[in-house]
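According to TrEMBL, the protein has these features:
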SIGNAL    1-23  signal peptide
DOMAIN    43-337  domain 'Glycosyl hydrolase family 59 catalytic'
ACT_SITE  E186  active site, proton donor/acceptor
ACT_SITE  E262  active site, nucleophile
DOMAIN    345-459  domain 'Glycosyl hydrolase family 59 central'
DOMAIN    496-669  domain 'Glycosyl hydrolase family 59 C-terminal lectin'
Amino acid sequence: AALLWGAILLACSCGPGPPRVGAAPLLAATYVLDDANGLGREFDGIGAVSGGGATSRLLVNYQEPYRSEILDYLFKPNFGASLHILKVEIGGDAQSTDGTEPSHMHYENDENYFRGYEWWLMKEAKKRNPKIKLIGLPWAFPGWIGKGENWPYDYPDITAYYIVSWILGAKQYHDLDIDYIGIWNERAFSSKYIKLLRYTLDKHGLEQVRIIASDRLWEPISFVMMIDSELHGVVDVIGAHYPGTKTVQNAILTGKKLWSSEDYSTFNNDVGAGCWARILNQNYVNGNMTATIAWNLVASYYEELPFGRCALMTAQEPWSGHYKVESPIWITAHTTQFTQPGWSYLQVDGHLEGGGSFVALTDGLGNLTIIIETMSHNHSKCIRPPLPNFNVIPQRATFYLRGSFYMVQTLQVWHSRLDFESGNSSLFQQLHPLQVWRGRFSLDLNVDEVYTLTTLKTGWKCGYPEPPPPQPFPSIYSDDFNIRNPPFSEAPNFADQTGVFEYFVNASDPGDHVFTLRQVVVQRPITWVSDADQTISVIGNFKWVNMTVTCDIYIEKPRDGGVFIAGRVDNGGIYVRDSKGVFFWVFADGTYRVTGDLAGKEILMKGLAGVRDNAWHTLTLNIQGNSASGLLNGYPLWENVTVSKPGNGWAALGTRSFEFAQFDNFHIE
């Protein structure tokens, strides 16, 4: 038998990794791969989510060539992660984890298919891989859809019209074909709405768009599909989130495709890579799932927001150009570079005797890919659900190739070893090909390893030169928003946490404020989490302590309108309601306030300012140590306000309520 003992790494053009020394195996077992009695389920691919929410926010303002390099590592076939599926948020103007994403219809009579960055991202993915599958899913909806209720199903025809408009807009304005559409992320589904969505899709010639439901748990959707034949007829895929590699009997009985439509969500170090390696195999081995989709694609949001760096790679410094291809990218490659949607799994048990798992896939044309993982319990914990105990030991696995694979003589070998002792992991290295003797080969497996054995010779690991070193956010930063045809609707580096702040052309202004930043959400959305009652966008370095923030402001709402600038803001994302900091507010009634929180409950100072609506004013907030002061139009308005905590945080701007307001000439030191 051909044994793979201490195989020496091939020196590919990117340089060799360390040689691997095989340990003495403790256990030997045999496994048969055979297609004579037919194949298993059809493989649907490996993917990742952009959004849910605002996870790709900082990616768009990377300079070239770095931005294209990041996109290549994610989407370019046979290069890096080579993803098969891209799932994006259908922006709903509301907080959806790490920020808000803009809707294509802020208001009932409004349609704009150039907001945000998901259109751009889908086009960049398609440019690299024309075969990539696209999925759209809403987390939240603009308020007008619920007519004042925090619920999208009271007027299901309106909701269906809204979602179908997004799909039609993707095609009309970006030539993007959406392959799958979801219902409402991790929230209730409505059978009536799902049926109406299918009807509306078909009515608009979108028969090819498939429906995924319900992006939550296996139940109750599976049970309802079993008793409602019409619903069963319109749902194409049952998508569950964080299934822990398990499914339920009802889901299997539906006969539908089963997907882990959101998974992973784990910090992208080597433990995150171990989690990802384990579930990529075991979602099929234990749960019959034929697609696994990671939240999230790329960590392009401020790291101190919730779930910082819970992504396949990290690109959170557009100001420096620094990014990092983390180990989960190369774990992904073990599957994606050697399979395609439309391949089939072989019918195998898939559990290794010494712990770990394997899957085998074929294109039906003679090609065979085997992926083996031996991740140990403590080195493969995902963020959720809790992982029951199990043991993995070194082992020798002997495989017998039967049926049409009996004639295979050579398998290419790709190997990763996650090294938690030295931290010196070896990722996606090509080893010497493995000779198969009379349909048989053996492999010595250590703990925390991934192997791909394949008839394909297309695997590739090289990449780009090291990006620039990391740098903190610039300590002096300005934006006058003077851009006539912006490539994106939002100003760089501002991370909206409630509300949506967009470039605005102020046609009626003859002077210095033609180009501004405007808050445009004027009705509380149908929320996914508890958005604040105020709108807020954060920017800068979370570690900032002392700072001066200056901004021109324009209140549009008479009587009870108001705006703020802030520093040391300590919270965002799903925790935005609890944000503390130093907030300097001015109101249309002529008053001002200084508060220690976004909610405005902790009042540090208040008085008269003489500010009015529909006029420009300049606010300056200065925070030094335990003291803060504020200027209005260059003159001191308040000073010597004592601020104790938080001790650091972002700068921010925003409004008192969901109201129009404008900002200009933002400056921070």
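Heads up, the Cβ atoms here are built off N, Cα and C, so glycines get one too.
The C-beta environment of E262 (active site, nucleophile), restricted to residues of the same chain at least 6 apart in sequence and closer than 8 Å, consists of V49, G52, K87, N185, D215, G239, H241, Y242, I293, A294, W295. A sphere of 10 angstroms centred on the C-beta of E186 (active site, proton donor/acceptor) encloses 15 other C-beta atoms. For the domain 'Glycosyl hydrolase family 59 central' (345-459), the model's average pLDDT works out to 97.
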